[in-house]
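Peer 1: Quick one: this structure, given as structure tokens, is what I'll be asking you about.
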């Protein structure tokens, strides 16, 4: 892709998200979401592969549907209350429609069906943008309107997302689909605690972005898109294999890795709010996700590929890709748990 075109598209992505962040008027927020969607569509379709085009079409249709619902809900609210202000969503029908549309935008269950299919059709870097940056603007709107939404609905969305995110990833062999289900499960963790401690939602989002970026960049460097491909990575880069296994376990939420921090704090908050049953279901749903991360670790570190190759020894080929972002994200995805007290003090 032409670097100037790429620069314009990435700038538009940033502009759309910033516009939504800065807005308190529904029309402005809707405009930011639309700029965001239109900026990523060319990035998704840049490879001109039928699967990429199919994924782009699916993504565009779902995002356009969600945007139309947001516009309809905000117009309805303005018609009834006489205000376009986001903080004045006093009409229950409008607020329910808004949360449904925003859940469709970020892929919360049961509006998650587009997410694995779309991510499977993209290359890894565009998939990374879709899994991280594209979640920011809709989540900002969800956080702003959370107090007007039915708490039972938020809890149901959160529980369903963590369960379906864990359950759906169990029998997958494609790494991008596994990352999509991982994303759905993490979104569930963010939504479940939103009505009690929004700062923990932001903390979980930050940790999710760090860990997902490390995972996607690793897959990009090792050019792996299937679980079976992971079995040959150890011969090319043993160090990368070790850190990747740890990053995956961090995504699963195992101590003493970074991913344990948001899960621990969210479960603690749910227990404080006298919701032991919800906390128990969330903890059990995390085990489902952990199982498929362990499957990836097993394939990567404890199995040897049955394929024999007559080519030049692959472990001597130097990579031309930049590895500094991967090193930074991996370090943060593995080692932030000891600074939990500082982070908690900053966010509370």
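All residue numbers here begin at 1 and follow the chain in the order shown.
Backbone N, Cα and C define each Cβ position, glycine as well.
Just lifted these from TrEMBL, have a look:
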{"type": "DOMAIN", "residues": "23-288", "note": "domain 'NADH:quinone oxidoreductase/Mrp antiporter transmembrane'"}
{"type": "DOMAIN", "residues": "290-343", "note": "domain 'NADH dehydrogenase subunit 2 C-terminal'"}
{"type": "TRANSMEM", "residues": "57-80", "note": "transmembrane segment"}
{"type": "TRANSMEM", "residues": "92-113", "note": "transmembrane segment"}
{"type": "TRANSMEM", "residues": "152-171", "note": "transmembrane segment"}
{"type": "TRANSMEM", "residues": "178-196", "note": "transmembrane segment"}
{"type": "TRANSMEM", "residues": "202-219", "note": "transmembrane segment"}
{"type": "TRANSMEM", "residues": "274-294", "note": "transmembrane segment"}
{"type": "TRANSMEM", "residues": "326-347", "note": "transmembrane segment"}
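Map the listed features onto the structure and describe their local environment.
Peer 2: Here the transmembrane segment (152-171) has long-range neighbours at 96, 99, 103, 108-110, 112, 116, 146, 177-178, 181-195, 278, 281-282, 285-289, 291-292, meaning same-chain residues at least 6 beyond its ends whose C-beta is under 8 angstroms from one of its own.
Residues 106-109, 112, 115-116, 118-120, 127, 131, 135, 139, 142-143, 146-147, 149, 151, 154-155, 157-166, 168-169, 172, 204-205, 208, 212, 215-216, 227, 251, 262-263, 266, 269-270, 272-273, 278, 282, 285-286, 288-289, 292-293, 296 of the same chain lie 6+ residues outside the transmembrane segment (178-196) yet bring a C-beta within less than 8 angstroms of a C-beta in it.
Long-range neighbours of the transmembrane segment (274-294) within the same chain, counting only residues 6 or more positions beyond its ends whose Cβ lies under 8 Å from a Cβ of the stretch, are 155, 158-159, 162-163, 165-167, 169-170, 172, 178, 181-182, 185, 188-189, 192, 248-249, 251-254, 263, 266-267.
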Peer 1: In the same chain, which residue numbers or ranges, 6 or more beyond the ends of the transmembrane segment (202-219), come under 8 angstroms Cβ to Cβ?
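Peer 2: Contacts of the transmembrane segment (202-219) (Cβ under 8 Å, skipping residues fewer than 6 from its ends): 124-125, 127-128, 131-132, 135-136, 139, 143, 175, 179, 182-183, 186, 189-190, 193, 225, 240, 243-244, 247-248, 250-251, 258-259, 261-262, 265-266, 325-326, 329-330, 332-333, 336, 343, 347.
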Peer 1: For the transmembrane segment (57-80), give me same-chain residues lying six or more residues beyond its boundaries with a C-beta closer than 8 angstroms to one of its C-beta atoms, as numbers and ranges.
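Peer 2: Residues 26-27, 29-30, 33-34, 37, 40-41, 44, 88-91, 93-95, 97-98, 100-102, 104-105, 114, 117-118, 121, 130.
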Peer 1: On the 0 to 100 scale, where does the mean pLDDT of the domain 'NADH dehydrogenase subunit 2 C-terminal' (290-343) fall?
Peer 2: 81
